[in-house]
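Peer 1: Here you go, one structure.
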Amino acid sequence: MSFSDETPFQINIPDEKLATLHAKLELATFPDELEDAGWKYGAPLADIKRLTEKWKSGYDWRKHEKEINQELPMFTRDIEVDGFGVLNIHYVHKKSEVVDAIPLLFCHGWPGSFLEVKKILPLLTDSSPEHPSFHAVAISLPGYGFSEAPLKQGFAAKQYAEVAHKLMLALGYSEYVTQGGDWGFMITRKMACEYGGKHHKAWHTNLPVATPPSWKSPLSFLAFLLIPWSPEEKAAIERGEWFRTKGSGYHAEQSTQPQTLGYSLADSPVGLLAWIYEKLVLWTDNYKWSDDEVLTWISLYWFSRAGPAASIRIYFELAGDRRNLGPNPTIPMGTSYFPKELVAMPAAWLCRVNKVVSESHHTTGGHFPATERPEELVQDVRKMFARGSTAFAIVPGKTGYA
Amino acid sequence: MSFSDETPFQINVPEEKITTLYAKLDLATFPDELEDAGWKYGAPLADIKRLMKKWRSGYDWRRHEKDLNQELPMFTRDIEVDDFGTLNIHYVHKKSKVVDAIPLLFCHGWPGSFFEVRKILPLLIDPSPEHPSFHVVAISLPGFGFSEAPRKQGFAAKQYAEVAHKVMLSLGYNEYVTQGGDWGFLITRKMALEYGGKHHKAWHTNFPVVEPPSWKSPLAFLTYLLKPWSPEDKAGLERTEWFITRSTGYYAEQSTQPQTLGYSLADSPVGLFAWIYTGLTFWTDDYSWSDDEVLTWISIYWFSRAGPAASVRIYFEVGGDFGGFKKIGRGPSVPVGTSYFPKEIVLPPASWFRNMNNVVFESHHKSGGHFAATERPEELVQDLRNMFGKGGPAFAIVPGKTGY
């Protein structure tokens, strides 16, 4: 097998896959629902029925496929992963007009995808004397989008980080910065620990968490107990409590029995739709999803190269990484706080264990800020690397300005 | 709408439902699998593919439907539930030849069903001078089997207990005993709390669950801290820990977002099958499920009156009652018998259960798991016979119904 360098990529789902989807939707069987259930027991029946009906007739995949192909310059290339062989990786890559733009990797999570870069891409690459510009790379993590999935067990944070890092190197970005949320937080954090300093110069995240102080560090722990929390922090803790007690069922199953769940997600488009749609609504801040937006998002999972079941294995494989985050990165960190994010901790803690050089607090927005608050997110990233900031020119020679 | 008294019931799944099942199986799309995955990530691909192929062609639902109709005398009747209106309830009812047999309600859980009474039914009703006999009722809980499901929110332990109790009363069993595991444990326990003494005379469970002693009961807590664990206790705690860390994903989803999961279970027979088959394998003690057994078990869910999504709501509605099994509290004063099977999924030390309940009978087995009526039918029935038989701790607890 020959090792493939960069190959331009266009999404082109075979007709047969569309036909199968359609046939399954025609046969869709729905459950009933308790009276006045609303969102209390999960995604409402009326929503799922409406979206299924639209997916079946009304939603035009080919139109959206074409738009993605036109808007996002995409490629694939082979990446060798130690112990796992070669994986063919799919990514978006767009350079700014600004020659010395800052190379930035955007890293999604679950149930996200490369498509989350759509709204922020033109803003990141935009050139202006007022703000820095970026050469943007949006990877499809192995097992997502049109990247291959690992075939062997044990593909964990180290391996995801390795793939992302090697991709940047392959594109000629020996030094780069990152932006990530959800699993993108875990993976870019791992990159910072493995490649920080020499290659990975700074990282920005919209899921700013760290291992909380334990009783082993009495002073920190005491501080943790005693620091009065702001109203914003109190709200975030309540949100976190909701997530832990009511919103983590998917997490428990995906991190223990991903294959068992995978049979449903692979066989039932309605099941997959409900599974993901619930998150798109519960995890955002009153974001007005259009039907087409939702159906495109979920179609990417349905039509993904490895299939939707592969995407949830990350929960099982990275369970160890989650339990034990390991040492904190030492490279500069930027943080964005959105009130409807799922987990948060007081910013003061984070600053004790990470080198936070840029921090932004927002009054609206949730788990998918690249979709919900693209301008705000990009503004935060620009602020982190702007002239006069601590992280300005952190990638030597790539200031982001013309 | 007229209130229906007992009506004989035969399962007769409409042909259209079978056609739809086959159409879906013909279109089945499978995921891939990691190399050498075995059971590590969930149900193995080879198992699921093989069984789906069999379900589609090889497995004869009509034959098993007929067998069930012949073996299990079934009925439906309307039961009025306070604040929830009328629910049409499906049950098995078979009387022993022994006139004064002990009325016993068998109460299943999830992913169980009335089907679990199949092996123990002939043993329970069997007449002999050597052991007591029972008149047996095996209810399909609301939302399971061929019982209607509640339409309103909040159908919790109280309501399930009320339905089961009213079924017994309507059958003329003013005084009765119960056997239950899984949700059947919680529901029969609730029955004992609500109707114990007057109606519900004694209960037996193969799922004797209780939370650890807390500092609120100092003596029990001290014992908990200081007493050396027996090998069986240790094994039980290890098994419990395994279950909690490796096998409660379904519980977390079903108790928080049952509707979201329900779309998958209702739309994909493959998904439903894998979901239940995982439990049937993990929770049993090397039980050799035959393909037909497992396909019948899961077909009952697929063809159930309320659909499979309704069955998982119990986790949301009743799980809330008990703080997710963390706040069970002190048990009823009504006598209870317990059977311990080593591959049960939650196995606190027997002493904890004894501390909180009026345990009059206890039995420990060397094999068997969560589905005792299927895995160890003789042993389970023997336990009931020992509990309620002559010389047993609950002999003649239902006055005049000694079982002989």
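Positions of Cβ are set from backbone N, Cα and C atoms, glycine also.
TrEMBL does not curate its annotations; it predicts them automatically.
Taken from TrEMBL, the feature active site, nucleophile applies to A:D182. TrEMBL lists A:Y315 with the feature active site, proton donor. Annotation comment: TrEMBL describes A:H367 as active site, proton acceptor. The domain 'Epoxide hydrolase N-terminal' annotation in TrEMBL covers A:7-117.
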Peer 1: Under the DSSP assignment, what numbers of helix, strand and coil residues are found in the domain 'Epoxide hydrolase N-terminal' (A:7-117)?
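Peer 2: Computed counts for the domain 'Epoxide hydrolase N-terminal' (A:7-117) are 39 helix, 27 strand, 45 coil.
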Peer 1: Under 8 Å Cβ to Cβ from the residue listed as 'active site, proton donor', same chain, six or more residues apart: give me those in sequence order, or none if nothing qualifies.
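Peer 2: Same-chain residues close to the residue listed as 'active site, proton donor' (Cβ under 8 Å, separated by 6 or more) are A:W110, A:H251, A:Q254, A:S255, A:P258.
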Peer 1: For the domain 'Epoxide hydrolase N-terminal' (A:7-117), what's the model's average pLDDT?
Peer 2: 98
Peer 1: Between the Cα atoms of A:H367 (active site, proton acceptor) and the residue listed as 'active site, nucleophile', find the distance and write it as a whole number of Å.
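Peer 2: Rounded to the nearest whole number, the Cα-Cα distance is 8 Å.
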Peer 1: Translate the DSSP assignment of A:Y315 (active site, proton donor) into the three-state scheme.
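Peer 2: DSSP call for A:Y315 (active site, proton donor): helix.
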